[in-house]
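Worksheet: one structure, shown below.
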Amino acid sequence: MKKFILASGSPRRKELLELANVPFEVVVSEVEETIGAYSSPADIVMALALQKASAVAETHEESIVLGADTIVTYDSRILGKPKDAAEAKEMLQLLSGKTHEVYTGVALMSKEKTVTFYERTEVTFWELTEEEIDVYIATKEPLDKAGSYGIQGKGAIFVQHIQGDYYSVVGLPIARLVRELKQFDSGASHA
């Protein structure tokens, strides 16, 4: 297999690739994450993943580059990473007692080809008290995460139900990625 590069500094994505025993190196993409005029959350995450992969692939032509992006949506509103604790609190209050969607887009890119895909997962939160939200925000955990929570961390206690790929909510749909990567590297046509 060609050298595999993760175009992300996300510790969660690194952990998931290690969990799947995928050898890789990290080259952080310096792409500014801006959401343009896309028609759907799926289009947004796939476009951002592709931008990240493309930026790194330009200087690593003999490698397979992985770009990924995750967003949370509720009621047609996109919830990215909060800019501060106040915005994190607003997001968590918005999600309290409700079901929201998490989209993770993935792009695999080499000199020969590019494959993009996404996973959509529904997450339902318990009703959260203001105190629970404040205590969680004080941990600083939500400040670098889309939707202001980490399902794999202390934010797990907010989750009542999940429908879809848990690891996609963490940041990378690892089971599907491994299958896509095998097909990508084998030269098989992608359906």
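Each residue's number is its place along the chain shown, starting with 1.
Backbone N, Cα and C atoms are what each Cβ position is placed from, and that goes for glycine too.
Under the heading site 'Important for substrate specificity', Swiss-Prot lists Arg12 (among others), citing sequence analysis as support. The DSSP secondary structure for Arg12 (site 'Important for substrate specificity') is helix.
The DSSP secondary structure for Asp69 (active site, proton acceptor) is strand. Swiss-Prot lists Asp69 with the feature active site, proton acceptor.
Around the Cβ of Thr70 (site 'Important for substrate specificity'), the same chain contributes Val45, Val102, Tyr103, Thr104, Gly105, Ala146, Ser168, Val169, Gly171, each under 8 angstroms and 6 or more positions distant in sequence. Annotation source Swiss-Prot lists site 'Important for substrate specificity' at Thr70 (among others).
All protein chains included, Gln152 (site 'Important for substrate specificity') registers 16 other Cβ atoms within 10 Å of its own Cβ. Positions annotated as site 'Important for substrate specificity' by Swiss-Prot, on the basis of sequence analysis: Gln152 (among others).
The CA atom of Asp69 (active site, proton acceptor) is located 12 Å away from the CA atom of Arg12 (site 'Important for substrate specificity'). Shown in sequence order, Gly150, Gln152, Val170, Gly171, Leu172 are the residues of the chain, 6+ apart in sequence, with a C-beta less than 8 angstroms from the C-beta of Arg12 (site 'Important for substrate specificity'). Reduced to three states, the DSSP call for Gln152 (site 'Important for substrate specificity') is coil. Cβ-based neighbour count (10 Å, all protein chains) for Asp69 (active site, proton acceptor) stands at 27.
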